[in-house]
Amino acid sequence: MAKIQRVTEATLPTEFGIFKIVGFEFPDTKKEHVALVMGDVEDGQPVLARIHSECLTGDALHSLKCDCGFQLARALRQISEEGRGVLIYHREEGRGIGLINKIRAYALQDQGMDTIEANLALGFKADERNFSVCADIFEQLGVKAVRLLTNNPAKIETMKSAGINVVERVPLNVGENRYNVGYLDTKAKKMGHYIVHNNKKHFLECPHCQSEIPADE
C-alpha cells in the first residue's frame, strides 16, 4: 500500500476553538483520514495529541454505549485550553470492522455478549485497527514527540515502534454511565486499557457544555 499523502487543508471554527483541518488520503485506495491542528506543532516540543478512531454512534449520534463522543469532546477542549495540539480523526469505524458490522456486534451485545465476544463471533479480531497510519500523519505534520491523550496501550506501542516519541500518557477517563460501564470493564480486563472508574456513581459529561449530569436521571 502506498504511503498516505497530505492533500488539502482549511480553517475549521469549532465550539472548542479555531483549528486547521488537514486532509490525508491514500493515493491507491482513496481512504481518507483527517487531523485537527491548533497552534505551532512543528517546533520540536512535545505536542498534546489524540488519536481518535471514528465512531458515528458516539461522536455524532451521542450514543451512551461507549465513551467515544465524550473522549472526542474532552480531547478537543484540552487541546484548545493549551492552545496547541493535534487530534487525528482515524477513519476506522467500529475498531476497524465498519459501521454495519458494528451494528451487528451491537445486536449480539443485546443478547448478552461483550464487545470482544461479539467481534469474534462475527469473524473479526478483537481490534482490527491499524494505528501505523497515524504515525505517518504525525510525521507529515512535523510532530516528533507527543503527550498522548489515551487509555489504550496499543496506540502508545504503535507510535513508539514507528519512531514517534511518546513522552507522556495523558489519561482520558470520561463519559462513564450505566449503559457503558460493562463495555469499559471489558476494555480494561480484556484489552489492557487504563480505565479508572468513578467509585461513587456513574456520571457522564455533556459533550456540549462544561457541566456534568447524572446518567441515572
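The first residue you see is number 1, and the count goes up from there.
Even glycines carry a Cβ here, placed using N, Cα and C.
Annotated GTP-binding residues in Swiss-Prot are R50, I51, H52, S53, E54, E93, G94, R95, T115, T150, K155, and among Q5, Q71 the one listed with them is Q71.
Nearest by CA distance to C55 (Zn(2+) binding site), out of the recorded positions E93, R95, D127, R129, T150, is E93. C68 (Zn(2+) binding site) has its Cα within 10 Å of the Cα of none of the binding-site residues R50, E93, R95. Take the Cα of E93 (GTP binding site) and measure to each of the recorded positions C66, D127, R129: the nearest one is R129. Other than C55, C66, C68, the residues of this chain whose Cβ falls within 8 Å of the Cβ centroid of the Zn(2+) site are, in sequence order, S53, T57, G58, D59, S63, K65, D67, G69, Q71.
Reported as a whole number, the C-alpha separation between R50 (GTP binding site) and R129 (active site, nucleophile) equals 15 Å. Considering only the binding-site residues C55, C66, the Cβ with the fewest other Cβ atoms within 10 Å is that of C66.
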